[in-house]
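This report concerns only the one structure given below.
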């Protein structure tokens, strides 16, 4: 039996996970072998850091130029709603089975092992490519200041930094991610306050702005249906990665209590940051501002707002924040990819050697493997004309949307299993939107997947673009069929689902402090202190 200390894990004599005794109840363990060292403070901030990136800092400018201020605001609000429903569905499952495989594990346990196999490999490759993409983006951002810096130098330096943060122990990863994310959050808060002042007249040369840019030219909707669809796609990518917070579940202290709070609180903060930012950008910056659609730090809406307020060093400051944002995104992508590769090994979808842990219970083989793949992809990005790199990025382009669809399907199957086995009363957290929430999640995310390749149809059809946007869908289906044929997997019946392994119930929630200390701690955690 293991100690009840959440930072310790039990092993039998063969080195495999043994049954863990939590609060005197026997639990079967399969994936729950990682050290639970991430605090509520770190997990809250990691959840924000995983979603606020270049999509907000640079992508919003192009979205405004393409669709206008109304499209920008509406699309971010609609996708925000979809993400909220998706996260409630995921939070319910992750609080009950808090493992590093998260929604990938749930797809295998509650639907079909072949489904879990295809989704986990797909999402792992997405994380490896994302890590490499972030390393490539660093060089483009450094060109803001100089062209003399070697293209490979900064990428390799940052790669070494994030590999060390991920291989030392999970606390090192959590702390690095916390401070990188905090800088982004502070920047957005300053931006919103400044934007209100700029709109009210505290600017250079514009006077009182109000809502005049919403009626200028073709505003508020620019480019018709095509413009709106393109912004919808931009917004869905900007929110992409929200689901990966559940991957930290396998290393979060007191997950049955912390994860539901994280899911509920993070939604409001993301909505606050994204929707308020989108509103202020649309109010203060005209859609036809010169160079707005270049996705450069020089013409980032954040840079423009700081310049309107009179800051001369605005471009350099925003560029520096975007660089830390990219490092944060790369750090998070490597972490998520590592934990999914560990999950693949634990579930028999990859060699068992990938489950080897250090004495701090970090899956070091998975860290090294994912790191090597990402640095190889990083070097590939500079080979030839870059066409290989474009295809690689498009290949995983719908990964986020596919995972959202799978979360909805797994949620419906999960609840069916709980009902069939009479275990609904054990849930630490209930998704109050069930059953319409997960159904809406599946339907709307299928819609996003279908419209995300809009540019391949407009203004004229492009066969090459069409294939690059949608090729991942048949590959995903083929992986499911292939594994199903090889392993003869069967669809999980509700009455036969595994609702015992790695489970945390209401009884496993750790005792909480009482009185003013508890209230102060909860308020501090909400603000990520």
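The backbone N, Cα and C atoms fix where each Cβ goes, and this holds for glycine too.
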Which one of these stretches, 126-144, 202-220, 221-239, 240-258, shows up in TrEMBL as transmembrane segment?
-> 221-239
Looking at the ranges 45-65, 507-527, which is given as transmembrane segment in TrEMBL?
-> 45-65
TrEMBL tags one of 15-33, 72-90 as transmembrane segment - which one?
-> 72-90
Paired segments the transmembrane segment (266-287) and the transmembrane segment (72-90) in contact, 3+ CB pairs under 8 A = yes
Same-chain residues at least 6 beyond the ends of the transmembrane segment (362-385) with a Cβ under 8 Å from one of its Cβ atoms are 34-35, 124, 127-129, 131-133, 135-136, 151-152, 155-156, 159, 163, 166-170, 334, 337-339, 341-342, 345, 353-356, 392
Sequence-remote partners of the transmembrane segment (72-90) [C-beta within less than 8 Å, at least six residues beyond its ends] = 60, 63-64, 102-103, 228, 231-232, 234-236, 238-239, 242-243, 246, 263-264, 266-267, 270-271, 274-275, 278-279, 281-282, 404, 407-408, 411, 431-434, 437-438, 440-441, 444-445, 448
Given the transmembrane segment (221-239), which of the listed stretches 182-201, 317-342, 433-454 has the most Cβ pairs that are under 8 Å apart from it?
-> 433-454
